[in-house]
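Here is what TrEMBL says about this protein:
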DOMAIN    3-120  domain 'Response regulatory'
MOD_RES   55  4-aspartylphosphate
DOMAIN    413-511  domain 'HTH araC/xylS-type'
């Protein structure tokens, strides 16, 4: 849409211009009107119209003076001067101050439409030119910034001129390099460009497909405390707005304060170091290199954890103890920012390896070790890493518990436990007999003696019981339920269901529905 402001001291004429054209048809929105030049100038500043229709003669400020003053204030609006026939020659002077067109009063519908179509074309052409210039400038900026950040020689004359101009602006001042990692690269970049448009103290671009990188300049007299406070305040607010308005997560790494152009590449290196620490301090949205520069790989985490402690907790099935261990570790790391990422990662990987070794020794089970270590490797937050390892430890406790339960059960109870855990599989008398370590014939007699029904009948009833639950509590189709409870043949499943429940699955579902309606 194009925005139009109508300026005339005669109310009837303003109303006439508003009603003479179906403005919406021509993608034009009337954003306001004014009765004199001073009022119009205020509305031009406030509303930023694309087109201004103004009378040439008005009290306080003429239409020509309005156009001149608006231009002086930076307005790019297209002015259409409205004038009487006898003032036609005088109106031609408007061309000297960039007025686009003029209309003689009274203006006909055809003449107004002709003028607005012409002006719309001019505006669209200018917007296209502006867009191309912006894209070209961004391209130069991106190339220069990349070369500066990586401390590479600049050979191209065009890039060198652009670079020299920017480096000259860094002389006798101080600056920082910042890096924003985000899940909305283009949105963050565009928002920053909008904020810093025309600001010579800022240069920014995208770095690869993951980061927005920038250089922010400050006056040489600004104190370190002032620079840090300004940056912290701005980027904290920036991250908050991105999160609230766009649902984007972002983290800003900020270098030390530099005074030499040659330090630009060092600034990038510092930002990448800071970025790694977001792994540990995930609730922070802005971090400075100077705050983590003194952290050493030599600083070890206190003995909150040791291998024998983990072994005891696993053997004793101490789930709460394991949860408290990981909570205490996370609290120690977050509350005392003195540990490097490598030290923390090393500790957690050692814990994971200890659990793997114990799981293998206790249970002989390391089937999911690859999947577990893939999760650990891919974790991008300390909390995610901690949760993966904690859950692996707790799943080990569950396996140990199951093994203990199996050892303490009688052969028949052991078989029932096996059936309940594996009813989806192809359970046979032979497979269960092998599991409990008895001959099939002996196991079959023992099972019927203790349970009161045959092994086959028990398995069938167990599956039908589970099928009933799924029929009542899910939207699954009958063939899906058939597969879910361990049958591959839907017809056979329906036959087994009917022989046990006295009706087909569909009849059962309908009967239960009618019963629930009656009960209500």
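Even glycines carry a Cβ here, placed using N, Cα and C.
Keep in mind that TrEMBL annotations are predicted by a computer and have not been checked by a curator.
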Review point. Which residues of the same chain, at least 6 positions away in sequence, have a Cβ lying under 8 Å from the Cβ of residue 55 (4-aspartylphosphate)?
Key: 7, 8, 9, 10, 13, 63, 81, 82, 83
Review point. How do the residues of the domain 'Response regulatory' (3-120) split into helix, strand and coil according to DSSP?
Key: 60 helix, 27 strand, 31 coil
**Study point:** For the domain 'HTH araC/xylS-type' (413-511), residues assigned helix / strand / coil by DSSP
**Key:** 75 helix, 0 strand, 24 coil
Study note, to complete from the structure: Taking every residue in the domain 'Response regulatory' (3-120), the average pLDDT works out to 83
